[in-house]
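Asks: The following feature annotations were taken from Swiss-Prot:
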ACT_SITE  Tyr211  active site, for nuclease activity
DOMAIN    397-552  domain 'SF3 helicase'
BINDING   Gly423, Pro424, Ala425, Ser426, Thr427, Gly428, Lys429, Thr430  ATP binding site
REGION    606-780  region 'Transactivation'
REGION    627-681  region 'Disordered'
COMPBIAS  639-652  compositional bias 'Acidic residues'
REGION    696-780  region 'Disordered'
COMPBIAS  700-721  compositional bias 'Basic and acidic residues'
COMPBIAS  723-738  compositional bias 'Polar residues'
Amino acid sequence: MAFNPPVIRAFSSPAFTYVFKFPYPSWKEKEWLLHALLAHGTEQAMIQLRNCVPHPDEDIIRDDLLLSLEDRHFGAILCKAVYMATTTFMSQKQRNMFPRCDIIVQSELGETNLHCHIIVGGEGLSKRNAKTSCPQLYGLILGELIQRCKTLLATRPFEPEEAEIYHALKRAEREAWGGVTSGNLQILQYRDRRGDLHAQQVDALRFFKNYLLPKNRCITSYSRPDVCTSPENWFVLAEKTYCHTLVNGLPLPEHYRKHYHATLDNEVLPGPQTMAFGGRGPWEHLPEVGDQRLAASSVSTTYKPNKKEKLMLNLLDKCSELNLLVYEDLVANCPELLLMLEGQPGGARLIEQVLGMHHINVCSNFTALSYLFHLYPGTTLSSDNKALQLLLIQGYNPLMVGHALCCVLNKQFGKQNTVCFYGPASTGKTNMAKAIVQGIRLYGCVNHLNKGFVFNDCRQRLVVWWEECLMHQDWVEPAKCILGGTECRIDVKHRDSVLLTQTPVIISTNHDIYAVVGGNSVSHVHAAPLKERVIQLNFMKQLPQTFGEITPEEIAALLQWCFNEYECTLTGFKTKWSLDKIPNSFPLGVLCPTHSQDFILHENGYCTDCGGYLAHSADDSVYTDRASDTSKEAIDAGDLGDTDGEDSESEASEVGVRPSKKRRITIPATPPNSPGSSVSTSAFFDNWCAQPRDEDELREYERQASRLQKKRESRERREETPMATSSQESESEPNPTQWGDKLGVIPSGTPDQPPIVLHCFEDLRPSDEDEGEYIGKERL
């Protein structure tokens, strides 16, 4: 005989009711897939149950099937998963592994949705957080369902249609942790006089007795309630059905359901007409209470907030629900509530306190990266992304930079807690930094003008923006702590010093931040420790005026792609990009042979390895005749970076050799018999591992690059004419007279005279006497 759970006689308060909808709309047409995913092994029993006769006819096979499927069908598995997720949800709310709460879960097959009713009560839930906790509970339920689907994956791979349901659950789970439920988890609410919706507390036992219990059983949409429910357990007036019920983790059998309903109706929840006192006075046998005890018991312990406190609580809920961070957001989204609070005594101060509390809540629950994804969920990276374009123009791998930004903003990059964009004006450094901090929104700025309180605006922020950073002796020590992510205390105006926790820092400047200015002296003592805390990106190429601003959505798309593809930790970054140590000067990108950093070639997308734009496919209308006739063997491996299909040799003969652009210098492999060339090439790459910092270094860079280019061209010309060289070597060597002519040794006219040796600035000119001999004659 099945175990009958005891009747629940008290329910923890406050209690709320939720409805979870299975995030797969076409579940009824593919119900057999749910049998395989959630209740593997029950498919045949469900098919046999479809052909059984209804009650009250006798059917032994039907009774055996219902008994074997008591808690093994997919509705029971769904009910158990929801119960386990709700238990985890309450343990997180109470911060206890064994929460003290009451939970009732009932799964039902609706006309359109497969859903579960949840009644939960206990400490940790309140009118303020029950509604905002819906995404958290939704994500936990989907996680439990995914784990149960993986039990089938351990035995065999998914079928294509099963994989479709599995990926739908995974996609819904990612959206849930981003705060999106898509209406699949709802809480019972009421509307106040202003039209706002709030979570509605319920009388759990009455709700369970009047709404959930009086229903008939139906465990599959292929069958009917009169097949799954016996006549003695049939609710006559019930129109809706249920699938499975759990009361505090214990299943409620079908044959015990009417008795449970009668016990709740008669004993636990009696009406006013059933209260009787046996013919005696109601106060006759009560114990006597002393004056002091009566006075103590008559005092109400329930605290009732006043109007000001209610307004503050409502404003705090609005800030959390609508992501309101500054006073301007409050004016734009809830002006009525703001005016009501401004009308209270000290209203402006109260609003600052509410915003401060909301900032503390955001900083404790989010990092800069997670809050950016919370504000911009579902962004996709496209090839026309301006952040991608800017980093390619400046010579960096945008995916590598995005990976580093994810690690820094997620506080997972060790001691290097700062990203510095350095370069001259109009290079995009402020454009990039502004897009990052404005996407996060909760940021603080460093103010050099307020010399006593430089970091006054940096507390309770997700990120710090230091625009035009200048290092001074007065604040270099706290700056080293902040740039390195070390907790320190900072001075705040009109208050005591406050603790500043680890906060990522974004710097955009054209100053040398490693040189500390103090009085009339400049010190470089702090340069080494500052460089260990900063990742510097050198932006040296000026942008056109029509480049435009980078939007926060584009930054969010780049970082979201990197966060999904890479492991955003210090170890993951070093492993992915094969680095032993993260240098102060961020490494330049290395493009794949056929990929480009020019935005003109962005239509084919971007490379997921180097970040460059993919080359265009071959097109006869673009390529010239000569280029189209060129065979694969005639293409030089060093020229694979040029994919525009034009004859590069003819252009070089017309225009001449010019220095190549930054990071696009093509240096061929060094011949084995040329050790000098390999030394110069390796020295060139060692000297220019980072971009030039000023115009002098840029000129030196172009000079050395031009020299290497000329060496490569001369070596190619020598390789192209090997036969001419061999023919010259085969000729006979010159005789001494010929060597003398070449060296400038001229024999004299008389045998006794020594030969005439000509120096580099002399030639053999005839004397004046000799000139007279040739007058009127033709010189031989």
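In case you wondered, yes, glycine gets a Cβ from its N, Cα and C as well.
Since the structure is predicted, the reported quantities are computational estimates derived from the model, not experimental observations.
Would you situate these features in the structure and describe their surroundings?
Replies: Within 10 Å of the C-beta of Tyr211 (active site, for nuclease activity) there are 15 other C-beta atoms, taking all protein chains into account. Secondary structure at Tyr211 (active site, for nuclease activity), as computed by DSSP, is helix.
Around Ala425 (ATP binding site), the same-chain residues at least 6 positions away in sequence with a Cβ under 8 Å from its Cβ are Asn510, Gln542.
The average pLDDT the prediction assigns to the region 'Transactivation' (606-780) is 56.
Taken through DSSP, the compositional bias 'Basic and acidic residues' (700-721) splits into 21 helix, 0 strand, 1 coil.
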Asks: Can you tell me how far the Cα of Ser426 (ATP binding site) sits from the Cα of Tyr211 (active site, for nuclease activity), in Å?
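Replies: Rounded to the nearest whole number, the Cα-Cα distance is 67 Å.
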Asks: Tell me which of the binding-site residues Gly423, Pro424, Gly428 sits in the most Cβ-dense spot, judged by other Cβ atoms within 10 Å.
Replies: Gly428
Asks: For Gly428 (ATP binding site), just give me the three-state DSSP call.
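Replies: Its secondary structure by DSSP: coil.
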Asks: Given a separation of at least six residues and a C-beta threshold under 8 Å, show me what packs close to Thr427 (ATP binding site) in the same chain.
Replies: Gln394, Phe539, Met540, Lys541, Gln542, Leu543
Asks: Run through the Cβ atoms and count how many others sit within 10 Å of the one on Ser426 (ATP binding site).
Replies: 15
Asks: Between Lys429 (ATP binding site) and Tyr211 (active site, for nuclease activity), find the distance joining the two CA atoms and give it rounded to the nearest Å.
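Replies: Each residue's Cα considered, Lys429 (ATP binding site) and Tyr211 (active site, for nuclease activity) end up 62 Å apart.
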Asks: What count of other C-beta atoms do you get within 10 angstroms of the C-beta of Lys429 (ATP binding site), across all chains shown?
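Replies: Cβ-Cβ neighbours of Lys429 (ATP binding site) within 10 Å number 24.
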Asks: In angstrom units, rounded to an integer, how far apart are the Cα atoms of Tyr211 (active site, for nuclease activity) and Gly428 (ATP binding site)?
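Replies: Here the two Cα atoms lie 62 Å apart.
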